[in-house]
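Undergrad: Sharing the record's features from Swiss-Prot:
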{"type": "TRANSMEM", "residues": "10-30", "note": "transmembrane segment"}
{"type": "TRANSMEM", "residues": "54-74", "note": "transmembrane segment"}
{"type": "TRANSMEM", "residues": "80-100", "note": "transmembrane segment"}
{"type": "TRANSMEM", "residues": "119-139", "note": "transmembrane segment"}
{"type": "TRANSMEM", "residues": "149-169", "note": "transmembrane segment"}
Amino acid sequence: MLKLIDMMHIAIFTALMAVLGFMPPLFLSFTPVPITLQTLGVMLAGSILRPKSAFLSQLVFLLLVAFGAPLLPGGRGGFGVFFGPSAGFLIAYPLASWLISLAANRLRKVTVLRLFFTHIVFGIIFIYLLGIPVQAFIMHIDLSQAAFMSLAYVPGDLIKAAVSAFLAIKITQALSLSDTMFTKGG
């Protein structure tokens with residue numbers, strides 16, 4: 001059973017995802033998957049929350065989207081987004097956040113650099129591993145073509161990984177929360 005504080009953390013990070021969804025998307029001419037800031041929220045939730053809370057914050061966000069809340073960039077929402085080219089990327093959010101949290105909890109010493117590499121592995125590579133095949137399937141293109149198109153996202157995602165690592169450390173230090181990644185367990 002979740003404690004009240006866990007529910008509050010889940011709500012805060014669900015709201016953060018919604019706020020990041022109001023940032024205008026950047027569409028590229030060669031792919032229907034927009035560049036957004038929401039993976040920053042996935043990485044932050046995973047870096048700051050316990051694994052279960054990190055997962056649930058992203059799941060609640062996706063449920064709100066599925067039920068029609070226009071929380072994705074460009075005001076998108078509704079069940080149909082889970083049948084579009086972004087579906088695999090979206091579905092990866094809860095698992096990526098959970099994996100980031102698990103990995104962060106296992107770090108002996110949490111540093112910006114270690115968290116940055118954790119974000120690369122689980123916040124970028126893992127999300128791509130789920131998102132690219134689904135995108136290829138939905139768009140009826142080769143997997144290699146979808147992977148090549150996704151290379152355009154890598155520089156921005158690396159910046160988001162670095163920013164979220166830095167912010168996670170600073171936020172956690174500022175709040176000195178006892179139930180963050182710095183406390184093992186959960």
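Cβ atoms here come from the backbone N, Cα and C positions, even for glycine.
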Undergrad: Hey, which of 10-30, 80-100, 149-169 has the most Cβ-Cβ pairs under 8 Å against the transmembrane segment (119-139)?
TA: 80-100
Undergrad: Near the transmembrane segment (80-100), which residues from the same chain, at least 6 beyond its ends, have a CB less than 8 A from one of its CBs?
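TA: Long-range Cβ neighbours of the transmembrane segment (80-100): 31-34, 38-39, 42-43, 45-47, 49, 51-52, 54-59, 61-62, 65-66, 72, 118-119, 122-123, 126-127, 129-135, 138-139.
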